[in-house]
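Novice: This is the structure, below, for whatever I ask next.
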Amino acid sequence: QYQGLAGRSTNEVLQLYSAHGQQQKLQRSSVLTQLHGAIKKRLQQDLKSLHSFALELSKNFQRQSKTYLYQVLTAVQGIQLQNEAMQMFQIKAVDLEQSLQEVTERYEKEKQRRRALHNSLVELRGNIRVHCRIRPLLPFDTAAGHSISQDRQRNFSEKVAYAIDDETVLVKCNRPGHASINKTFQFDRVYSASESQDTVFADVAPLLTSLLDGYNVCIMAYGQTGSGKTYTMLGPQLEENFAFSTEDESELGIIPRATQEVFRLISEKPPGSYWVEVSVVEVYNNEIFDLLSKDSYGKAFGVKRDVVTTREGKSNVPLLTHETVENACEFLHLVNKGIQLRVRHPTLVHAHSSRSHLVVTLTITAIVSGDNSGASWEDEQTRGLLKEVSCTFPQKMRDNKSTSSSGASSPAQLEATEKLKQVKTRLQLVDLAGSECVGMSGVTGAALRETSFINRSLSALADVLGAIAEQRSHVPYRNSKLTHLLQDSVGGDAKLLVMLCISPDQKYLTESMQSLGFGTRARQVQRGQVKKKNFPGQSKAK
Ligand code: ADP
Ligand code: MG
């Protein structure tokens, strides 16, 4: 094109340019028009499909939201229904809870009534109350190295004795090669391993009220060594010579608690109308030792004493030391001193095993007026005692002679009026020696002798109970010093509570069965109604 232009004039060139430009413009505009048309068409198509897509989407959306809404509605309705049901259940639960509480209360009341009736029956028949305490499994139950028997040496620990309710013990044991045992025993009260010293004492406390109402009371712990007798009667024994751990009062056993309770009850009475004496006796190898006696230098040492039967048929230990005490502290101090003299022999079963029977006696003397009607044997007996009243009265009272002018506590006045009498009731607290069988504890020599004495005295106790149960005319109290000493308590002149102590471990199955058998037999003993002495300001029999 440019070569062609070489020979032309400027005008021509300009005209050519302009024509060319217009041609190009025309061409471009027609292309543009075509393009525009195509784009427009395309856009219209896209718009149409977009529109139909949007329409479809919105329809879908509407459909789905309807479905979801329906689902949400159904769920909300479900929740509402559930809520209503829940409220109904709650109301029902509250109702049930209330009725359960009512039933429990009724049950408790019924149980108490039944207990009270049972207690009255026990009183009337003169039954021996038997409580059974199952101690917890303890580390020494599993300790290896017991040279007991082959069978027992195995280092296992398995519970076989259970408190299934507060009156029933279940012994259940399935050992390969042994007859399986599944036996229940009923007692007046059964304590499980978790029941505290407090709970045990709460059941004992009413007996102490009886004591001040004029009844003799005896509480005796029976069971094999290590089963918790001393724990139950005294509390945990920290060291060989340490009887009461005063640091933790909740751990104290029956003896310290009973003493505190007796002094508390006395403090509610008119001052000077009661006084308390203590004696601590040990029965070891069928000999009675007075643990409060002192030598001529005032040093404590256990003197051998004898037990005799008085003309009235009561057992008595002549010359036995009775110390007057003013409060629980003094009492426990003396008991502690007595216990320190107690003969112990650490057997292999339990290092602190006591190889003797311990009898702590708390005697309460009250002054009563002579015209009190319904005199019992003790009143008659004390008539004789009155003649020597000035020497049987505690030292403090005798010392008061010249100064005292306050009523009954003056022996001088007593002798002058002859109308006043002293009446004694006695609380005997007995921690028996272990009831395990000979041969079990791996003891030999002197210790074997001890064990055989223990076994003899305990079987004498069982024989005595058997004779009373069968109402035989002769009861062999004198077969053993233990039964002779406890004759009055066991033979019907006291409310007697036997606290059976049981080790729950399988190792001690034989001993536990033996103890449970003893308790069961003791429960069957009927001794006739227990006699009551006439105490001042007497309330009704408990
Ligand atoms: P026992 O006088 O019958 O030979 P112990 O009273 O000395 O037996 O008891 C043996 C051990 O078991 C002691 O260490 C004692 O503290 C412990 N024990 C006994 N009964 C219980 C109990 N209920 N709870 C906790 N420990 C106990
Ligand atoms: Mg003991």
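For all residues, glycine too, the Cβ spot is worked out from N, Cα and C.
Pasting the feature list from TrEMBL:
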COILED    86-120  coiled coil
DOMAIN    127-525  domain 'Kinesin motor'
BINDING   Gly223, Gln224, Thr225, Gly226, Ser227, Gly228, Lys229, Thr230  ATP binding site
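Walk me through the surroundings of each of these features.
Specialist: Proximity of distant same-chain residues to the coiled coil (86-120), defined by a Cβ-Cβ separation under 8 Å and at least 6 residues beyond the stretch ends, is recorded for 188.
Cβ neighbours within 10 Å of Ser227 (ATP binding site), excluding its own Cβ and spanning all shown chains: 29. Ser227 (ATP binding site) falls within neither a helix nor a strand when secondary structure is assigned with DSSP, and so counts as coil.
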Novice: Near ligand 2, which of the binding-site residues Gly223, Gln224, Thr225, Gly226, Lys229 are found, taking a Cβ distance under 6 A to any of its atoms?
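Specialist: Those binding-site residues that pass the cut-off, since their Cβ is under 6 Å from ligand 2, are Lys229.
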Novice: For a Cβ distance below 6 Å to any atom of ligand 1, name the binding-site residues from Gln224, Thr225, Lys229 that qualify, or say none.
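Specialist: So the answer is Thr225, Lys229.
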